[in-house]
């Protein structure tokens, strides 16, 4: 018998270990990042608040009604000729094949003037026409929509094929197809339409002629005075089936919330009444609702609820008193209350998501019992233990995180145990099947779970901030004890008595033994209270949570006559053999619109009304409310960031002072140890010619020195990483891995070299990107043959590594500066644009600038984008060539739209424009050509291709995907298909240069240029078998602009496809030049364009980021600029070749200065001017 006990004990220990570990991790995360945790919980609670507020706005609390009526259900079995009232929850008494009908009524009232005026009756008839024929449900246009007269109404003669009357599917598809009249009861029974009414000369006589109908339609009818206070419209809905019932409810909601017109719904009374009237209505409804509930309840119910509210108030008072006794006046007690409030909102939202309706009556009765039984004992216990541990030593000498974690360790498992047992009891109550009790127990169980989670996350973060504030007070000389002493001196006798009555004897913290003894007793008492509460309701000792409100009075003439007519017509129909079940719903009140008069001046009410209307719109709107929450999220995180930045300088000064004290102490006591350490430290010597002898410094010391100076500018919070030269043992360093700021650089290097830390993960582990790059650089340098990288001239500091990580490069050891020159400005399509070019080739920028000057003198360049489509060419395989051919034909014909729709569904910007399919044996190559907005688009189109291939696989299951990229694109490789079909942006540019400019600026003639272009660019390239290379040096200019603007340099292979054409025009006096580039692959978002230097160049061109109104226009503009710049470079180089200036210019420019030897100091001036390039 011992084995089972041992197994059960082991299982319990395992469960306790899992729960304890989870609590510790949550608490550790909260204490490490308290502000972030508070922000996250506030955001979740904000989402819950917006949703619940929108839900409350639709409640009748906000409408003009005072008393809430519940529907009355009546049932007529097959043989009965009258209705009998049935319980609305007793579904078992209703036959499965019963015809179900909902009866909704609209009551239009005007007690002051009556409703028998011609104008009012005309408004009612117009309203009836609109309600029956113009209100469609549901709102979505993506599904079939239905109106009352055509689809929703109950028709006395249903189709003869009617069967399976309770089937949802039958109800959805068999919406009344015959044109039999709908059942409705209204003034239209007297006047057919508005025209008939207006033609009626004597309304009183007409009513007398139809007196029986009029008595049931008009309320308080007085013929002698031609007066009636109200008019009733009755509508019967066929709700046989859940879908029909849902449609009827939607129709009712849309009618009840119609905007004010001639008739105003009391549900929308706030839209017509002023703000003060609306607030008065809400207050009045709440008061009358409470009075109604008190009248309906038994005396014992009232006593139980009243005692519950008194105990709830006492619980709140006790909480504040006990927290004040521990040293927190209002902060922690308010935080505990908010902890419970957040849990309550999240629990209510969860219960709503589970499809359980919790009525306001249940909530009103449940809140005091929730506050008392669940209470605030758990957060109070945690707070008390935290303050006990914080008083063991001065706060200035404590690690706040450690103090809170000690407290969590001692109380976590007892709290979890009590909470778990209470949840089990409440879950059993939720399974009891008693209406009201089920909802209460389910809500309580979920609330307990949320309260437990939020306490060890949000409230723990609040405790961490509270202790930090107390520590700051102690540093400034003000302790919590001093505050408590100051408050106790002024406490009177009565106040002390009240505080003693509501306070916990051990709130200030006595001995631990007593607390351990009291803790289980409190938990057991609470558990017994919950058990007793559930048992009391199961055995019906009291009826709270089960009271049923007043129902619709079906004996009123306006309802009774309608029910009799409904039953009579049903018995005369083809479905007389079926039972009839009718639910009579409360009437929807409307009143005739009147001019409002208020005792409050318009100057006050109008601004308040505008404010409330704006608030209602933004809070109720399903999209705007989410964006408001996101804006709150961003705002809170920005404030968090700024708060951290604001408090850093003070912390740094304190840390520096402490470091100085520690350093002085070490130097005064351990000088011998430090000298030995320095002697033992190895020195790495670099080859002589590389390092200058002007400064003698070891590489390690130099790196630390540089790293220190860089951190003083951009990483102040890590300035003390490597101030100590003592390298601790590896085991001690491993223990400090989670606090990398405590390790110096040499210790991190030793961890990597010993396999305790991955080199590629340095950024993630250290949290300081620049420090990680420097350490990786040292590691690679020491492992290399030459060992020169660590002290090399490759820059390290002041770079945006946060933009690089995870996007542009891995295993970063620095960055490579490339000089950026500017050609131009160049007149491109009427705009003067400076062209940035990053290059190390001398003469390139100057040559392009000369071409710009010549083109500008001729009126500038004109460009046009003739095609835009990034491509991807996956490769798939079939078992036979017949299946491959069948796939090709299917994609080119009926499958084209299917594939296109699947592709386009993956992105807002990617749009499939063209498909080109080729076969090679059993292999099929599909070339997708797609517009991708302002992105270059390779990732975007790859995602679309995957989706399209999955759709093709559904039609061809035997298809096998070989590769998502089958080199049929073709990307980063020379290919004729890009030259012929195009890829990316296909651009053409042209310019006309006068002959005089050719001779003056370019130093040659038009004839010489034309002849050179034909011989070199056309015939020469053809002789070489070139594909797309009919140009002089298009790749030169394109790649320079690519590097400057963050494009993919490897794509210059296909992007440089260009044909340059020159022709003598205007009687051979002027030169016409054009460049055609069919495959320029560029983007202005993503990739290297996220780096700030590259973004600055895009800013200079005016094409950074996505275009605000026309997606893709910025990327097309960049392609136009590149093509025009290529034309300028082509023109200048061809002119230099024609004039024989090329060699002279390159010799002068590239050999003008001698490259200096790298030294640790600034390079001395050579005193020579750089060489000149092609002169104009």
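Note that the numbers count up from 1, one per residue, in the order the chain is shown.
Cβ coordinates are placed from backbone N, Cα and C, and glycine is handled just like the others.
Quick look at what Swiss-Prot annotates:
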ACT_SITE  1146  active site, proton donor
BINDING   847, 848, 849, 850, 851, 852, 853, 1001, 1002, 1003, 1145, 1146  CoA binding site
DOMAIN    301-465  domain 'SSD'
TOPO_DOM  1-34  topological domain 'Cytoplasmic'
TOPO_DOM  56-299  topological domain 'Lumenal'
TOPO_DOM  321-330  topological domain 'Cytoplasmic'
TOPO_DOM  352-355  topological domain 'Lumenal'
TOPO_DOM  377-422  topological domain 'Cytoplasmic'
TOPO_DOM  466-524  topological domain 'Cytoplasmic'
TOPO_DOM  546-622  topological domain 'Lumenal'
TOPO_DOM  644-1176  topological domain 'Cytoplasmic'
TRANSMEM  35-55  transmembrane segment
TRANSMEM  300-320  transmembrane segment
TRANSMEM  331-351  transmembrane segment
TRANSMEM  356-376  transmembrane segment
TRANSMEM  423-443  transmembrane segment
TRANSMEM  445-465  transmembrane segment
TRANSMEM  525-545  transmembrane segment
TRANSMEM  623-643  transmembrane segment
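Stretch with the largest number of CB pairs closer than 8 A to the transmembrane segment (35-55), among 300-320, 331-351, 445-465: 331-351. Across the binding-site residues listed here (849, 1002), the residue whose Cβ sits among the most other Cβ atoms within 10 Å is 1002. Summarising model confidence by region, the topological domain 'Cytoplasmic' (1-34) averages a pLDDT of 71. Its own atom aside, the Cβ of residue 851 (CoA binding site) has 31 Cβ atoms within 10 angstroms in the protein chains shown. Reduced to three states, the DSSP call for residue 1002 (CoA binding site) is coil. Cβ neighbour counts within 10 Å, taken over all protein chains shown, single out 847 as the most crowded of the binding-site residues 847, 853.
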